Amino acid sequence: MLLASLLLFTSPAEAQLSSNFYDSSCPNALTTIRSGIQAAVRTEQRMAASLIRLHFHDCFVQGCDASILLDDTPSFTGERTARPNANSVRGYEVIDGVKSQLESQCPGVVSCADIVAVAARDASEAVNGPTWTVNLGRRDSTDASRAAAESDLPGFNDPLDRLVERFDTKGLSARDMVALSGSHTIGQARCATFRGRIHNNASDIDADFAATRRQQCPSAAGNGNDNLAPLDLVTPNSFDNNYFRNLVERRGLLQSDQVLFSGGSTDGIVDEYSRDPAAFSSDFAAAMVRMGDIEPLTGSRGEVRRVCTAVNAAA
């Protein structure tokens, strides 16, 4: 494993967040989170990918504020049912379980947003992926927005220029984007998200790979939508750089994966990562830190929810 050095870069959020935020107020917080995440991944290895993705989908909408965890209320429709999240984002119950343990130890201290951020790091570690130091001190939002989730989250059919634009809007570079996409070295995708790619007979997909994936994903819309396929067919449960090797061989499962290596501006980064796993690991860790620093609520903004699914007034 490779520990990213946080001395290489500084963001405004880092001035307010601190890796030792809970050292006095809840000294066993990180140990409790790690134990919960390790147990969840032992029970279902796919959960590692799900928890990393949960953090990503949280941070890209209103910042890293745990807004994705909120249930709908009479005053807002939350993010869970947004198109990029519905029947797709997982791991809510894992976060809820860890939060319950922390509330019994340190009531009202550890935010749901920080739990989600630490869970992503611990999930990566649990499958022998990169590790990094998580900045802490985020507070939780008191609202959520389905509309924001549908407008801000990348889509599985987005072209390269749209993906670059989406990440740039969040303060992340094209290199960050490619590194973060490498989390697709683990996890699975639903047939509905890659049906078009494997059935369109395009030149950017390996024919044998497409034929294999068609066996469990029929061409007819609505038929087998929820059938799952590993994002990395070769080493689906190993956090490695094989995702990038797949892209070079035109074996990216999602269209938004393959566009990273399709004759465009990110080809060189994909090629580098396919040959240099250490570079990928280092860049992934650094990009996760930067993503975790997107627009956090600190100080008196937001709140520390008692339960992650509801604001305190309604908890």
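Note: Cβ is positioned from N, Cα and C throughout, glycine not excepted.
Because the structure is a prediction, the values reported are computed rather than measured.
Residues or ranges marked as active site, proton acceptor by TrEMBL: His57. If you look up TrEMBL, you'll see Asp58, Val61, Gly63, Asp65, Ser67, Glu79 marked as Ca(2+) 1 binding site. According to TrEMBL, the substrate binding site annotation covers Pro154. Taken from TrEMBL, the feature heme b binding site covers His184. According to TrEMBL, the feature Ca(2+) 2 binding site maps to Thr185, Asp232, Thr235, Asp240. According to TrEMBL, the feature domain 'Plant heme peroxidase family profile' maps to 16-312. Residues or ranges marked as signal peptide in TrEMBL: 1-15. What TrEMBL lists as site 'Transition state stabilizer' is Arg53.
In this structure the alpha carbons, written CA, of Asp232 (Ca(2+) 2 binding site) and His184 (heme b binding site) are 7 Å apart. Ranking the binding-site residues Asp58, Asp65, Glu79, Asp232, Asp240 by other CB atoms within 10 A of the CB puts Asp240 at the bottom.
Neighbouring residues of the recorded Ca(2+) 2 site, listed in sequence order and excluding Thr185, Asp232, Thr235, Asp240, comprise Ile186, Val234, Pro236, Asn237, Ser238, Phe239, Asn241, Asn242, Tyr243 (Cβ within 8 Å of the Cβ centroid).
For Gly63 (Ca(2+) 1 binding site), the count of additional Cβ atoms within 10 Å of its Cβ stands at 21 [all protein chains shown]. The separation of the residue listed as 'active site, proton acceptor' from Pro154 (substrate binding site), Cα to Cα, is 9 Å. The binding-site residues under consideration are Thr185, Thr235. Their Cβ neighbour counts within 10 Å are lowest for Thr235. When pLDDT values are averaged over the domain 'Plant heme peroxidase family profile' (16-312), the model yields 96.
Candidate recorded positions: Arg53, His57, His184, Asp240. Nearest to Asp65 (Ca(2+) 1 binding site) by Cα distance: His57.
Here the residue listed as 'heme b binding site' is compared against the recorded positions Arg53, His57, Val61, and the shortest C-alpha distance is to Arg53. Cβ-based neighbour count (10 Å, all protein chains) for His57 (active site, proton acceptor) stands at 23.
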